[in-house]
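Taken from TrEMBL as is:
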type     : residues           : note
SIGNAL   : 1-17               : signal peptide
DISULFID : 23-38              : disulfide bond
DOMAIN   : 52-198             : domain 'Cupin type-1'
BINDING  : 100, 102, 107, 146 : Mn(2+) binding site
BINDING  : 102, 107           : oxalate binding site
C-alpha cells in the first residue's frame, strides 16, 4: 500500500514542476496573463540574470518625496516565470508611499537605513502598524492596502521582495483623484467634500 501512495504523491508533486530551467522574458514580444514569452534560449546570456540598478538612489524630488526602483520582469527579464522580483525604496525626510496595493503578489520589506513607519489593513479592517528600524522586516499580504512613511529626520532606505515577477501597483490616491472620475461620483462613493476632491484632483492631475 505504501508504494502506490508514494507513486501518487510523486505524480502530483511533480505535476507543477517547471519543464525548463528558466523562461527569460522576451521584452520584444507581447505580454500575456502568464507573463512574457520566453526568450530564445540560444540568445540568453548571463546579463539576463543580473540587474545592476539597485545601487543607485532613486530621485525623491517629487510630490511624495519617495522613489521606487523596480527590478520586475519588465526591467529584469531573468525573473520572468520564477514568481519573484525585487525593488529599492528611497524615502527622503517626510517621504511617504501612500496607501496602495499589489494585486499580483505579496511583499516583504527590509529596512537598511533610517526608520520607516509601515502598516496594512486587512479585509476585516484590522490595522497592523509598526515602526521599523534597520534590520527589521515586515510582510504585506497580497492585495491588501498598505503604506510606508519615513518616520525619521534622515533618508530612509529599504529593499523589497515580491512573490511575483510582475506584482502590479495601484495607488489609492491616484485611483480616486488622478483620473477623469467625475467629482460627483467620487463624492458619492467616498463621502468627501466636493471642494476637497477638486483640490486633490488638481494636485494629482485628475479631471472631472
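Counting begins at 1 with the first residue displayed.
Using N, Cα and C of the backbone, Cβ positions are placed for all residues, glycine too.
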Tell me which residues of the chain lie with their Cβ under 8 angstroms from that of residue 102 (Mn(2+) binding site), as long as they are six or more apart in sequence?
-> 140, 142, 143, 162, 164, 167, 168, 169
Rounded Cα distance, in Å, between residue 38 (disulfide bond) and residue 107 (Mn(2+) binding site) is 25
Taking just the CA atoms, what is the gap between residue 146 (Mn(2+) binding site) and residue 23 (disulfide bond) in Å?
-> 31
Residue counts (helix, strand, coil, in that order) that DSSP gives for the domain 'Cupin type-1' (52-198) | 25 helix, 56 strand, 66 coil
Fewest C-beta neighbours within 10 angstroms among the disulfide-bonded residues 23, 38 belongs to 38
Note: in the chain of residue 100 (Mn(2+) binding site), residues six or more apart in sequence with C-beta under 8 angstroms of its C-beta are 145, 146, 147, 169, 170, 171, 172
Mean of pLDDT values spanning the domain 'Cupin type-1' (52-198) = 96
In sequence order, what residues of the same chain, 6+ apart, have a Cβ less than 8 Å from the Cβ of residue 107 (Mn(2+) binding site)?
-> 139, 140, 146, 160, 161, 162, 163, 167
Which are the residues of the chain, 100, 102, 107, 146 excluded, whose CB is within 8 A of where the CB atoms of the Mn(2+) site average out, their centroid?
-> 101, 120, 140, 144, 145, 167, 169
Around residue 146 (Mn(2+) binding site), how many other CB atoms lie within 10 A of its CB?
-> 22
